[in-house]
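Here the structure comes first, spelled out in structure tokens, and everything after it is commentary.
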Amino acid sequence: MNQSSLLAEFGDPITRVENALQALREGRGVLLLDDEDRENEGDIIYAVESLTTVQMALMIRECSGIVCLCLTEAQADRLALPLMVVNNNSANQTAFTVSIEAKHGVTTGVSAQDRVTTIKTAANPQAKPEDLARPGHVFPLRARAGGVLARRGHTEGTVDLMQMAGLQPAGVLCELTNPDGSMAKTPEIIAFGKLHNMPVLTIEDMVQYRIQFDLKLA
């Protein structure tokens, strides 16, 4: 069965997006899948403003361990976060910046609590470059202007979801893995979502939603 058939039990694309937005407003996580011919992976996504240590611990335990903070270009510029490399030749052009750590309120920076502290420090609209040390254990990503209509990536999907939910435009993501360390695919992602009360949606759902409602996002 393909992705669309497997997700049909969660409703049509518009319903799936609306369920995800409501979950984020309630402080719950969502699972976002990209296209089957792209990475074909699912990321756990949480809103920064409601992110808890328990949620971060779940991400570290159940995912790849590379916890990323998705930011707008404006916030990344405000923090003076340059791209990790000048010449990005990765397959999907993922816009990693230099990694970061909060300068205050953390120990080694690697614990769930420390990562939450770093993330909330960086996402604060009043944050300054000097609030952060570089490198660190959190990996910021710059979301492309135009969101999923410009790039069909998890980074843009995360920031779009936050804006669509009326939340601060910053979210965290991490790729869901199976217990054996392999990448979770659609059937495993759906099972995980049911177990943890997380709505499942796709980038394509978001594209359809934005086009249907003519959503102009930053």
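We count from 1, first residue shown onward.
Note that Cβ sites are derived from N, Cα and C of the backbone, with glycine treated the same way.
Residues annotated as D-ribulose 5-phosphate binding site in Swiss-Prot, with sequence analysis given as evidence: ARG38, GLU39, ASP43, ARG151, ARG152, GLY153, HIS154, THR155, GLU175. ARG152 (D-ribulose 5-phosphate binding site) counts 18 other C-beta atoms within 10 Å of its own C-beta, drawing on all protein chains shown. DSSP assigns ARG152 (D-ribulose 5-phosphate binding site) to coil, not to a helix or a strand.
Sequence annotations record features per position, and here Swiss-Prot assigns Mg(2+) 1 binding site to GLU39 based on sequence analysis.
Under the heading Mg(2+) 2 binding site, Swiss-Prot lists GLU39, HIS154.
In sequence order, VAL67, SER99, GLU101, THR108, GLY109, VAL110, ASP114, ARG115, THR118 are the residues near HIS137 (site 'Essential for catalytic activity'), counting only same-chain partners six or more apart with C-beta under 8 A. Annotation comment: Swiss-Prot describes HIS137 (among others) as site 'Essential for catalytic activity', evidence class sequence analysis.
Residues or ranges marked as site 'Essential for catalytic activity' by Swiss-Prot on the basis of sequence analysis: GLU175 (among others). Note: GLU175 (D-ribulose 5-phosphate binding site) has non-local neighbours GLU41, GLY42, ASP43, CYS63, SER64, ILE66, MET183, ALA184, i.e. same-chain residues 6+ apart with C-beta under 8 A of its own C-beta. DSSP assigns GLU175 (D-ribulose 5-phosphate binding site) to a strand.
Cβ neighbour count for ASP43 (D-ribulose 5-phosphate binding site): 29 (other Cβ atoms within 10 Å of its Cβ, all protein chains included).
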